[in-house]
Amino acid sequence: ILWRNEGRAMMQQQVGAKLRRQVFRGAGYLYHAQSSSCLSTTEELFLDAAEYGNASEVRRMLEELPELNVNCMNYMGQNALQLAVANEHLEVTKLLLRKKDLSRIGDALLLAISKGYIRIVDAILSHQAFANGERLTNRPSQVDTHDDFFAYDEDGTRFSQDITPIILASQCHEYEIVHILLMKGARVERPHDYFCQCRTCSEQQRHDSFSHSQSRINAYKCLASPAYLSLSNEDPVMAALELSNELAVLANIEKEFKNDYKKLSMQCKDFVVGVLDLCRNTEEVKAILNGDSESCQSSETLGRQNLIRLKLAIKYEVKKFVAHPNCQQQLLSIWYENLSGLRQQTTAVKNLLVLGVAAGLPVLSFIYWIAPSSKLGKLMCGPFLKFVAHAASFIMFLCLLVLNAADRFGGTSLLPNMTIHDHPSQLFRMKTTRFTWMEILIISWVIGKIWEECKDIWSQDIREYISEPWNLLDFSILAIFMTSFVARLMAFWHAYSAQCYVDKHHTDLSSITLPSEIQYFQLARINWMPSDPQLISEGLYAVAVVLSFSRIAYILPANESFGPLQISLGRTVKDIFKFMVIFITVFVAFMVGMFNLYSYYLGAKHNDAFTTLEESFKTLFWAIFGLSEVKSVVINIDHKFIENIGYVLYGVYNIIMVIVLLNMLIAMFNSSFQEIEDDSDVEWKFARAKLWFSYFEPGGTLPVPFNLVPSPTSVISLLLGLREFLWDVPEGRSRENSNNEMELNKVRQQQEDLSVEASLCPTRHQNIINRLIKRYIVKAQRDKDNDEINEGELKEIKQDISSLRYELLERANHDMYTLAKLISQLGEVMQARQRGEKKNELATLS
């Protein structure tokens, strides 16, 4: 027939052109697939019709050629379905899906997902093979797929065997396809813990550890995808925060895939920030920061927001989320709780308020102790005034440390070789070991701080307490202070015991000889033993004073000018600890080497440098600052070889330590400072939020040392607790636990228990979250449409034109066939009429 012959001629021309292209592409045997020369002409026409979208030809061949092998492959190992899907020919795909023995439907689905062909994906998912949701969840390597439509064929697929449709769609950020797959029952199994020793993980690790790691990464790429987070979780914000921390932990465990996991962790954090950025009112911001407050009523304290999500973000260091303007505005409103008008006041007014609170702190503490529920008591419970009160208390403590040494600012005539007595029978040490009233105030402050730290440890997990560097600094300061006071008390006790002996046996010490153990307490400081408890106490006290003044850096993030500097200082301290590993290695190496070289020359050198291990340490340490002499390596005897070796080692040490390592440390400082400076606003706001949060928690209103006085409320609570403990009285209500970790676990458990109920009757919070997620998806799709590559659009237009050409050709051929048929019928009618006319003429003549 005419139209069929023309169609075949055109297809044969295309086959010839394709064969010519294959000559330039290379030999088909490289792909271990069926060569085009092994295909029949019909199969070649069939594959080309599927590739170029000739739906009419494909339909004709499927109908008229029942023996046609629909699974035949070209030299690339691609069958007709794969070719049709790759070129987005929907009609051809639908025709091929009607065949029952069609193979590689699963790979065609993955191909359609990777290219974002939603209509083709929907058509393939309508196939009866996907009626069971397991085919969308299980990987090809998880089930026995021999001779199955989803069989994994390394030579004929573009995807690895651990890729499922939902994983691929999530990685490609195809929101609509992910939604379709989720509605079909597709899910992603969360990878087991990295250290899991279950049978499945052990077998996979033993069989192929690389494939096992790749499958874990692909699964996490799906779980961390904004598309999957948005559409598969009841609470996408909480899921993203938890997943970001899990991925950050894995980045530190699986070093070989560190960059991949860090990128996925950052992707989760960006998702949370993106959702927060779409909030349009305060209610929506609170819904994200607080979670479902309707199901977590126990977390509310005095009507204040629980900020459970924000606590989690701070814990996992999601800095951009915490520093976001929407989040910071909520924090600021809580910070100035009950003092909303103070935000609009000038700096001078705020400074006057701070000075007033500091000056009247004893009075304010007494009022709060008497009436904590009064208006002034509630103001004292506010985060801002609580911060001011604690800061003022700390400044007072520093002033006490300074005033405690005020009597020695101009020097003292009592040291080192003069003693003083108040009466003839008094030992000198009774004058030096006695605690002054200033020191008693310092001790009271330290005890109050210890009580405050004990309450913090009781209210939170010990691991969380230790993880905070400022808590470790507080613990160190308090431990050193207490050790100093105990040593001072021991010195006083020894002196008091000696004084008791003197009081018992003598009345005047001017003309008697005391036993040596008693006479020791009459000696001037210059004659004290190095291990004297008072000397140890004074040394530890000096260290504690230095650390106490460094503690002032804790409140610096409250100020915008000093906050970034304090953050940079903290980062440089971390750099110093890293640097110390290399520094100590080099230092110890040269110290031991120089000691071994000069240890035999004690008394035969210009000085004692390197003759002992202690002198070696001192000489090399001060050489870093240029305070050691070059003559330290000179020997007074004629041992030039040893002396030359000493010169070389000492010179190499100075080159390595001073020129190389110190400059490297300076470069590290500069890099750390530049990192903070480049993102100083985010870093400062995150640090300020951490500071603010420490004052958001209930309790701890009275600063040190006023917290040592038990309030009436505390006494009542203690009595009730004792009654419940002794008589086992059931509690009328559940005790609120301020442990953040327990609170988070409780929220997660409640969310799991309410997930089914929420789907049937969503709460106000869930409606808000759904609204925000819809905005996020719309924005993501709009951004994706704006970022589409023009080449892809042109290719799609080209394929549509190709399909339209075949449709027009089919219509033209059909019209030509119809016209030819009409002409033939007309000719037959004309011939019949002519024959009739001839018969009539013959009949007339006869």
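The backbone N, Cα and C atoms fix where each Cβ goes, and this holds for glycine too.
Note that the coordinates shown come from a computational prediction; the quantities given were computed from them, not determined experimentally.
Pulled from TrEMBL, these are the features on record:
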type     : residues : note
DOMAIN   : 196-258  : domain 'Transient receptor ion channel'
TRANSMEM : 352-371  : transmembrane segment
TRANSMEM : 383-406  : transmembrane segment
TRANSMEM : 472-496  : transmembrane segment
TRANSMEM : 539-556  : transmembrane segment
TRANSMEM : 576-599  : transmembrane segment
TRANSMEM : 647-669  : transmembrane segment
Contact call for the transmembrane segment (383-406) against the transmembrane segment (472-496), three or more Cβ pairs under 8 Å: no
Top Cβ-contact partner of the transmembrane segment (472-496) among 352-371, 539-556, 647-669 (pairs under 8 Å): 539-556
For the domain 'Transient receptor ion channel' (196-258), the number of residues DSSP places in helix, strand and coil: 53 helix, 0 strand, 10 coil
For the domain 'Transient receptor ion channel' (196-258), the mean pLDDT of the predicted model: 91
